[in-house]
Each structure stands twice: as structure tokens, then as C-alpha cells.
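The feature (6S)-5,6,7,8-tetrahydrofolate binding site is assigned by Swiss-Prot to 130, 134, 135, 136. Swiss-Prot lists 238 with the feature site 'Plays an important role in substrate specificity'. Residues annotated as N6-(pyridoxal phosphate)lysine in Swiss-Prot: 239.
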């Protein structure tokens, strides 16, 4: 090896990202600054710990490990076996489940694995309609779940935007689905897990609960757990659970656990992402700590405070409030669309997403509402006092937008709110060890 080749080899293992790829480094730096200086209210987002970041950015990314602990198709897996075992045991302890699969790479893949394990193409299943707060993978016509299977969608009552369990029962008895899915992406109220299981048992169906949005609240003891009631429970590991992006499948049924394991590997995935599984294990360990319960209590209290304060400012909250970490704001009374509101709030450094509301007359790209969530800001240390401020800032921007002749005419209001947002976020820094790099 020449000296030049030797130097190149050393640089490969020692040069940091800024040296190797300044363009990517600068984009990442920009995203760090955005997260630091904006108030994150997207309900599906959170902020992970430094420990989770370190686990995900570790040497475990180098290791291929097809199979399961002690049943791998590659050698050299003794340490990743330890990691996956820890992730499995912590997940089981956290949620009180007998079996856990920590390998799903995403929420979509975990739900696909359940379909693969329990259904054949053309079979019938039930799920909450996307327009009522469901998820793409619960039967949307544009998703694989809606293309491969016969989907029966249930919804919410128009008068109170609450799931009509009598309608769920009627549809289930009429259509006899093999699988019923409970859970959603923008439903702000408690779910009646017990009633769903009774309906499933009555028609001989399996009950799948996708608790992706509320898993952290379940772990923290502030939301009823579906694990004692559902045949299978799936969840993403980010959102309110505050881990890396990925999936998790739980069950108390050994036979179903074997079907799930086979569906994940070799049915759907190949080698698992061991660095992500390590980060999941770290996050599960954090969620087992008593402080996570306090965090979960604050998440719900903050969401309720946000909803009540917005109501006091004349905003209509879908279903009248929230039982969890998220709320939907119906903007029709303000003569605004979700798209305009999202953009205006974004310019003021308050990040949220436009979202359809039940029986929405607008298209999905426009919407009549926005979805707001409390997990990320609560992770930063925001309490109810800060969420009262946030609600008033949202009202200031959106009332200004409503009264402006054009979006551009609201610029002064948005910039004034942006300055107030900066004053708040400066009190709650992220990853202080990164700010000097």
C-alpha cells in the first residue's frame, strides 16, 4: 500500500461528515437549527434522546443479521443477538405482552406483516376510514391495503365525531370481516378496546389494534392498553413512544407470534436494521423509567390545555377536545383552509400539518383542518403555561390571516409571532453538545 493509499484508508475511518460531504452536513445543520428554533406540533413527531441518536448512528449499521437471535443465517451475530434480545424483553415488559417482534422497519411494514400472516388477497377486513381519523394502511384505496383486500370502513358520528360502536357492530355482522382494525392517525378520543374485542369474537374475526400514535401514552399509563384485548397489537416506535422510526408487533398468542415472525422474515423483510433495533431497545428502556410516566401525564395535560385555550379563542375542536396527545382544529368557522393555516404558521415557526376533518368538504391537499400534537414540545420541557402561550400565538397568526386581504398582508403578524416563538424556544435548547459544532 502506498503512502497515499494509506492516508486515504485512514481518512475513510476518521474524517467526519463535514469533511467528507459538506452539502449533506449543511442540510443536517439546517434541520438541527429548524428543530431548535421552531415549535414542533406535528402529532406524529417527537425528539429522541442523545442515547437513542448514538445507538442509531452506531457500528451496528455494519452488521447483517437475517433471521432471529440464535437462528441467524450469518455468522458473527453474538452481539446483535444481545441487542435484539434486550429490545424484545424490554418491549414485552413495557407493554405487558408475552411475545414481541422488534424487526419491522416501519409502521406500514408491521401492518403488512399482519395482513400477510392472517389474510389472503381478496379477504375482507374493517378499519377506520381515513377521513374519520384512520391511517392509509387501514384500507385506504390508494394504499396496498385497499388494493389487495375487500375493505369495510367504519366512521364517526356527524353530531359528535365519536366512533359509532353500534355501527361498527352492525357492519361487522353484515360483512363478516376476517380482521378488524382499531386505531388511527388523527382520532383524539379513547378507544373502546373491550367492545371491539367482543364484536370480533362474535363474528370469529381477529382484532388488530394499531396503537402507533398512543403507544407512549399506553406505556406511561395514561391511556387504556389494548394489549389485554387485541389478538395482535402493532405500533411505531417514534411518535409518543419517543424512539427511532420503526415498528413493533406484540401478541399474547404463541401461535400468532410464530405466524408474525414468519411474515416479517422471510415473508416481508430480509436483514433487520440492527442499529435501529438498538435504538428501539434504548427507547424502551427510557420508557420503563418512572420519569416517562410524568412525561406522558404532561403530554396529555398539554394537549388538553392547547385545545381548551384554542376554544377560548373561538376555534372549533373536532369532538370537542382530546383524550390523548393530539387534536384536530376545524377551521371552517374562521373561513380558512388547512393548507393556508399550515403555511402561515410555518412562516411564524410553528410547525403543524394540514389535516382532513370528519366529513371534510375540501380535498386532501387543501383540507378544512389542522392537526396539532403535544409530544415533541413536551419533550423539550414545555408545560401547560407554554402551551397556553402557543395557543394564543396560533390564534394570533390565524386570526390575522382571516382578516388579511391576502396571505402577504399577514406578514407583519407572522414575523411578530416568529420573534415570540424564538424567545420561547431559546429557553428550551436541544442537544447542547451539537450547538458548538
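Glycine too: its Cβ is placed from the backbone N, Cα and C atoms.
Counting in whole angstrom, residue 238 (site 'Plays an important role in substrate specificity') lies 21 from residue 130 ((6S)-5,6,7,8-tetrahydrofolate binding site) by their C-alpha atoms. Candidate recorded positions: 134, 135, 136, 238, 239. Fewest other C-beta atoms within 10 angstroms, 136. Taking the mean position of the Cβ atoms of 130, 134, 135, 136 as the (6S)-5,6,7,8-tetrahydrofolate site, the remaining same-chain residues with a Cβ inside 8 Å of that point are 127, 128, 129, 137, 138, 139, 140, 143, 184, 185. Within 10 Å of the C-beta of residue 130 ((6S)-5,6,7,8-tetrahydrofolate binding site) we count 24 further C-beta atoms, all protein chains included. Rounded to a whole number, the distance between the Cα atoms of the residue listed as 'N6-(pyridoxal phosphate)lysine' and residue 134 ((6S)-5,6,7,8-tetrahydrofolate binding site) is 16 Å. Straight-line distance linking the Cα atoms of residue 130 ((6S)-5,6,7,8-tetrahydrofolate binding site) and the residue listed as 'N6-(pyridoxal phosphate)lysine', rounded to a whole number, equals 19 Å.
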